[in-house]
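S.K.: Reproduced below are the annotations present in Swiss-Prot:
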BINDING   Cys27, His49, Cys143  Zn(2+) 1 binding site
BINDING   Cys80, Cys83, Cys86, Cys94  Zn(2+) 2 binding site
Amino acid sequence: ILSPFKFSRRATGDNDVRFKVLYCGVCHSDLHMVKNEWGMTTYPIVPGHEIVGRVTEVGSKVEKFKVGDAVGVGCLVGSCLSCENCDDDSENNCAKQVQTYAFTNVDGSITYGGYADSMVADQHFVLRWPENLPLDSGAPLLCAGITTYSPLRYHGLDKPGTKVGVVGLGGLGHVAVKMAKAFGAHVTVISTSESKKQEALEKLGADEFLVSSDSDQMQAATGTLHGIIDTVSALHPVVPLLGLLKVNGKLVMVGAPEKPLELPVFPLLMGRKVLAGSNIGGLKETQEMLDFAAQHNITADVEVIPVDYVNTAMERLVKSDVRYRFVIDVANTIKTE
């Protein structure tokens with residue numbers, strides 16, 4: 001259970017950008033971390049890695065941003081900036097990466113996230129916010145947007161006419177559908193819940209809908225998809241999903257179940273299929289994603305909440321009772337003394 005916690009941000013360094021937090025998304029990983037379900041949480045924890053705000057101060061060496069700019073910070077606030085991965089704009093794969101909260105920073109302090117009134121980050125990890133992208137419904141793109149955009153691009157599922165499956169229609173899944181449609185893909189939503197069919201097809205613009213427990217539907221769709229983005233963070237069978245793939249098809253996991261998947265090898269051997277994972281993206285690609293989202297009017301479907309509602313929001317998140325992301329209105333509801 002989250003409760004008010006007082007702390008101070010570091011002084012604004014030469015390369016730092018300080019900003020007033022306006023909105024912060026509530027991500028499913030915040031819930032996992034608050035409950036220590038992944039076994040890596042250090043308390044006290046201040047969650048939040050979908051952070052949007054306005055710059056209040058910049059360090060002497062900051063050239064990309066000025067006071068008053070709208071900016072975002074996603075899942076990363078640090079990396080070594082000198083390894084092979086960082087040189088390749090893949091800071092999310094740096095062995096010395098510093099995540100936005102509950103991570104040890106270079107100075108030994110623990111990072112605190114965006115459920116807070118202000119944020120300070122090195123300019124390299126601050127994103128320019130596109131003018132026509134709403135701050136509130138755009139905030140979840142800093143995690144959900146890049147988490148789905150990056151594997152679609154990397155695995156070549158971003159070409160018009162590509163047949164893409166999206167497993168799960170939650171915070172990640174509904175954004176994956178929008179991203180894939182913007183790339184021109186033919187999108188099939190795969191869900192355990194028939195009740196989401198109308199929403200998937202009519203509201204989000206998916207082309208087809210499969211109920212994963214309906215063996216006839218799954219059988220009829222065998223071998224039809226070039227790739228699948230699996231967004232489900234609860235344990236679920238993956239073998240039926242591999243059956244939906246064409247030869248050389250790719251199943252990319254972006255949800256993070258806490259228990260291991262059951263995976264026989266034969267469904268991979270037959271048809272040379274690939275089971276892959278993907279974890280956010282580098283800063284350059286995240287900026288590209290925000291610009292792409294602004295160009296195609298992609299935002300998350302959000303329910304904006306006051307900060308004191310966050311525990312209730314977490315309880316509702318456990319029950320998947322949100323369409324599709326909570327966003328905290330930090331600026332108007334957090335009390336600062």
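For all residues, glycine too, the Cβ spot is worked out from N, Cα and C.
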S.K.: For the recorded Zn(2+) 2 site, whose residues are Cys80, Cys83, Cys86, Cys94, find every other residue on that chain with a C-beta no more than 8 angstroms from the centre of their C-beta atoms, and list them by sequence position.
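M.R.: Apart from Cys80, Cys83, Cys86, Cys94, the close residues are Ser79, Leu81, Ser82, Glu84, Asn85, Asp87, Glu91, Ala95, Lys96, Gln97.
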S.K.: List the residues of the same chain that sit at least 6 positions away from Cys27 (Zn(2+) 1 binding site) in sequence and have their Cβ under 8 Å from its Cβ, in sequence order, or write 'none'.
M.R.: Pro47, His49, Glu50, Pro140, Cys143, Ala144, Gly171, Arg325
S.K.: Among Cys80, Cys83, Cys86, Cys94, Cys143, the binding-site residues in question, whose Cβ has the most other Cβ atoms within 10 Å in this structure?
M.R.: Cys143
S.K.: Give me the sequence-ordered set of same-chain residues, not including Cys27, His49, Cys143, with a C-beta within 8 angstroms of the centroid of the Zn(2+) 1 site's C-beta atoms.
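M.R.: Leaving out the recorded residues gives Gly25, Ser29, Asp30, Gly48, Glu50, Gly74, Cys75, Thr100, Pro140, Leu142, Ala144.
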S.K.: Among all protein chains shown, how many Cβ atoms are found within 10 Å of the Cβ of His49 (Zn(2+) 1 binding site), not counting that one?
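M.R.: 25, counting other Cβ atoms within 10 Å of His49 (Zn(2+) 1 binding site).
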